[in-house]
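A.B. asks: Dumping what TrEMBL says about this protein:
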type	residues	note
REPEAT	47-80	repeat 'WD'
REPEAT	185-222	repeat 'WD'
REPEAT	262-294	repeat 'WD'
REPEAT	364-395	repeat 'WD'
REPEAT	572-600	repeat 'WD'
REPEAT	618-661	repeat 'WD'
Amino acid sequence: MFRYETLHAGCNRISEAASWTKKFGLVYGAEKLIAIADPFKEIQYLIAGHTDRINCIEEFTTEKTLIISGSSDKTIRLWEKDEENDSFIIIQTINLDATPESLNINGDLIIAGCSNSECVVFQWKGASEMLKEITRFHTGELIPMNLETIKFKDGIVLVVGGSNKRINVYGSDSTSIHFELKAVLTGHLDWVRCLAVRQTSESMATMVSGSQDRYMRLWKISLWEEKDEATSDEFSETLLSNKPIRFTLNGVEYKIVFDALLMGHEDWIMNVQWHPTEEIILSSSSDSSLMVWEPDAATGIWVPNGRMGEIASSHGSTTATGSAGGFWGGFWSPDGNAVACWGRTGGWRLWKKSGSGWEQLPSVSGHTKPVKSVAWDPQGQFFFTVSLDQTTRLYASYEQDNTWREMARPQIHGYDLTTVQCLPSRIGFISCADEKVTRVFEFPKTIARLLRRLCGTQIFEEKLPEAANVPLLGLSNKATTATETGTVNADEVQTPLIEVIDSLQHPPFEEHLQRLLLFPEIEKIYGHGYEVYACDVSHKGDYIATSCKSQSPEHAIIRLYDTNVWKQQQMLSGHSLTVTTIKFSHDDKYLLSAGRDRLVCIHQFSDVESKYIPYVVIKAHSRIIWDAAWAPKEMGYLFATASRDKMVKLWQVLDDKKIKDVVALQFADAVTALDIAPFFHDDHLLMAVGTESGKTYVWKCPKDDLTKWTPLRLPDTMSPKESINKIAWRPVYDKKGSYSLLLAGEDTSIRMLRVQLN
């Protein structure tokens, strides 16, 4: 009945919040959701369960393969794939005293590092199929942001790095697990963000640590030998001291020796990882680069053998100057033939080994904060989304593999974006944000050509500008000429923007989206005294209607603008508080508005006066009205309203300034979004409804009897667990009985649902 056609969500800005697993592919935290994705293609599952942001996630293999996640809701949860229902279920929830910041798994041992400086050690009990806490210990002032365990023949070593420049080394017997502090490693000058261990035998291992001081240090852990006694103390107090640090494990003496200092990154090192099979290190940094390090065959000196990403100096600010840019983490694929990383915008970057070099490939992306609105192109070939992460994104179906990909990021703003509408001419869109201005954008020719090339979308581009960028001292996207340069890297030859975009034969990479695929802003619309809240465009495209946040009738007005001259034509009154939704009827005869004052106002277009005049006002609901939608034109002037009073009501506009109350549908939760399909299914009306708890319904009703509504509900395993902010039917369909429905979620996700009604 229902299946997901496409899912999009960005990764959390925490370096432990993702993992590239053997069984499931890329697994990462998307705010409170767990996303499971094929990094080469798309997200396959979004799993809801946690009630706060996900901080750490790992694959855990026992008799079966599980996912273990830690969240700011102070829980650790174990998830198992339910093959029968093609979903994931929670098999255990562990409540902790503080937020889990890091996880480490070694065999049947799982160790969680918490924000209260505690490490909690669990063991998997196969018989009961549960994790059982066996011990916990305090790490002093250090918040454990990264943990690594090594199982030697004489016991277990646990290395802890975090909010401190020291690395703590703990040890325990294998039989009765009880960790004691054995050694402290010094040398780093700032927090130790990341650790990675490569074990070479039962008594030898190499560890790499990465720090906010921009350096990586290699440490060798091995058995103590007699000749170590005679090591010179000459450098014992310096940062480059290689004096062995001695500790005992179950009565046997071991040593840790500082082996090498790796320098090359220009900013905080966020993650380090050993290659799955070879002696190679991958490091990711806030300087927006990934580096591959190998020991030189002749000298054994570690040298960078590959660098991917960007040159930090080419885009200015770094972590040190307050930017949260750069890469938050990076991984090897389980087979070691690819690497992936993610950054501030939540989107993934992917490189595959190609001969002696690396070839970049497109990967998954999505918003990192609640998605507030979505808008379909009138022909259903692409859609726009806006979010509180201050970006507007354009998605379209990539013809080569039939997946929906982010094809452009038309607007990167300084305000939280709230509403978007596509222009009927298909050459652009309008967007509203938490500011007093409504902005109008137009397709540049470069992106129109990109969509034609990759998605088969035809947009009339004759009069469009060539491309867009943000001028150095400006804030608005401006149209640019064909000669404007648009390189991604400072070390590249300066290439004209047009050539860069026209050379793309695949969906754009994250760095293209961040900088090169903007839409030029062609108009700003002023007038409102407070932040613009809602907007709509007439079907002929000649009017734009907008409203703003309001506490008084003076500001609760709708402003109408003529799109030919972009000037205000009219102010429509009738409401006393914020107007939350504005909708033009199919022939633009009526303008419907609803709001916080629980009223529905309808204005009618007068051909005599060439303007909209008040028609009727009704007190429609007992609580705020969140959304409204018109039915197809064959139904006359029929519309639906959705409210916090848990009701959806249908109304018919009659000729004598009357409104007929047709039917009321009751729900278990506040209704936040609704849309009526612009087509019929077997002479039935289709209405999609989204609620505050994330439950999603498709109601159908014979068009000749509007009292017989029957609901289909999206299964709980598929439904978002947070409010649906916007719901929109795709205006076209491929075959009867198979329709697409777009959901914008408070949980940061964009979901396209395939509704099968045959």
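Residue 1 is the first one shown; counting continues down the chain.
Any Cβ shown, glycine's included, is placed from N, Cα and C.
Because TrEMBL annotations are produced automatically, they should be read as predictions rather than curated entries.
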A.B. asks: Within the repeat 'WD' (364-395) only, compute the mean pLDDT.
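C.D. replies: Averaged over the repeat 'WD' (364-395), per-residue pLDDT gives 96.
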A.B. asks: DSSP helix, strand and coil counts for the repeat 'WD' (618-661)?
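C.D. replies: Computed counts for the repeat 'WD' (618-661) are 3 helix, 24 strand, 17 coil.
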A.B. asks: Using DSSP, break the repeat 'WD' (364-395) down into helix, strand and coil residues and give each count.
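C.D. replies: Per-class counts: 0 helix, 17 strand, 15 coil.
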A.B. asks: Under 8 Å between C-beta atoms and at least six residues away from its ends: which parts of the chain pack against the repeat 'WD' (364-395)?
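C.D. replies: Long-range Cβ neighbours of the repeat 'WD' (364-395): 6, 8-13, 26, 30-31, 35, 37, 39, 41-43, 345-348, 404-422, 424, 426, 429, 431, 433, 441, 447, 451, 455-457, 510, 513, 725-726, 728-732, 740, 742-750.
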